[in-house]
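Heads up: the structure comes next, in structure tokens.
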Amino acid sequence: MLFACGGEQNEASEKEAARVETIADLGALPLTVADPADNPSTPEKVALGRVLFFDPVLSGNKDVACATCHQPEFNYAEFLETSIGVNGVGRGQSRRFVDPNDIPFVKRNSQSVLNTAFNGLKNNEPYDPASAPMFWDMRAKGLEQQALEPIKTLEEMRGNGYHENGILDEVIARLSRIPEYRTLFAVAFPKDPSPVSQLNLARAIAAYERTLVATNTRFDQYMRGDSNALSTGEKEGMNAFLVTGCAKCHSGPMFSDFKLHTLGVPDTENRKESDSGADKKYAFRTPTLRNLRFTGPYMHSGKFATLDQVLMFYEDIAGGKLLNPNVKEGQVDPLATHMDVNFKDISRIVEFLNTLNDDSFDKSIPESVPSGLPVMGR
């Protein structure tokens, strides 16, 4: 349970804490992606969604694209504790605010878009992509709903010039004035008499995001039958991962139970206020453990730079040490407090986690976007 456990303290959690997971609680990713019934993928939708993803025309000040904080070279995330969206310049760790600035940092660490096509996927359960949990606080269901939220958020893309209730109308008006976008929307949604719409904007971006997958890790190969895909040391690391309790939350093909948990992760210093998470209980969703090599720093606040630090944090929790003064001992889920992570286990578990990396995903970036603005923003 490396990255997010804790929360509802109840008898079920106590019983679950006593159970020892096995390899059957994990799983390989499917080789194909499921689309929602009302948004089947087409090449035309994907092509439209791709340029929209990289076009800063979707932001209030026309300076931030989806790809600004979800960059292909960084596994569709970025190497920042918390993101700099509106009024920022630069890429990755070199990104900074432009002076003068009155825009805050983005509230939470930027999660990778990669493999979000499988969010919510669990072993032996029906899967509905339309209800897939999104964001650290699970406030959105499905990639279609997720796609529009950053556009409405002040520090991510909206800026000070537009109200949350008006920015999407402004974006649609902009897209409608660009001839190439009018054509692309009409081709992608040929049966819609008014194809340039908020609904189709979301559908196109979601269709593109569902193409961003990495399904051929060495762990996946091993689970599909290649017994030589993992070394002896990596298999020992997987066993340590299971025995110490990591898989109580990091289970299934995505290594996530897709539930909210309270851990007491320290807040980022980039924001003045404490982040109390979902329902003001300091609860956050269990993130995937796939492609961690490319997605640090870790946790919702981005407070841990390395996987070793994350595992040491769980060792602290099990020992009764809390690092967030706003979270009291009784709030932390027994699944976290009953973990058995020891210093000697850390290197072996990290060795196993490295088998969950797959660098073969699509990293292509369009040379230009229909708005004529800088690709990926400034």
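Every residue, even glycine, has its Cβ placed from backbone N, Cα and C.
Over in TrEMBL, the protein carries these features:
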- Cys66, Cys69, His70: heme c 1 binding site (BINDING)
- Cys246, Cys249, His250: heme c 2 binding site (BINDING)
- 44-155: domain 'Cytochrome c' (DOMAIN)
- 232-357: domain 'Cytochrome c' (DOMAIN)
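With DSSP states grouped into helix (H, G, I), strand (E, B) and coil, the domain 'Cytochrome c' (44-155) comes out at 43 helix, 11 strand, 58 coil. According to DSSP, Cys246 (heme c 2 binding site) sits within a helical segment. Cα spacing between Cys249 (heme c 2 binding site) and Cys66 (heme c 1 binding site): 29 Å, rounded to the nearest whole number. Residue counts for the domain 'Cytochrome c' (232-357) under DSSP, split into helix (H, G, I), strand (E, B) and coil, are 51 helix, 11 strand, 64 coil. Note: Cys69 (heme c 1 binding site) has non-local neighbours Ala77, Glu78, Ser83, Gly85, Val106, Ser110, Pro150, Glu156, i.e. same-chain residues 6+ apart with C-beta under 8 A of its own C-beta. His70 (heme c 1 binding site) is 27 Å away from Cys246 (heme c 2 binding site) when you measure Cα to Cα. When the Cα atoms are compared, His250 (heme c 2 binding site) and His70 (heme c 1 binding site) turn out to be 23 Å apart. Of all Cβ atoms in the protein chains displayed, 27 besides its own lie within 10 Å of the Cβ of Cys246 (heme c 2 binding site). Ranking the binding-site residues Cys66, Cys249 by other CB atoms within 10 A of the CB puts Cys66 at the bottom.
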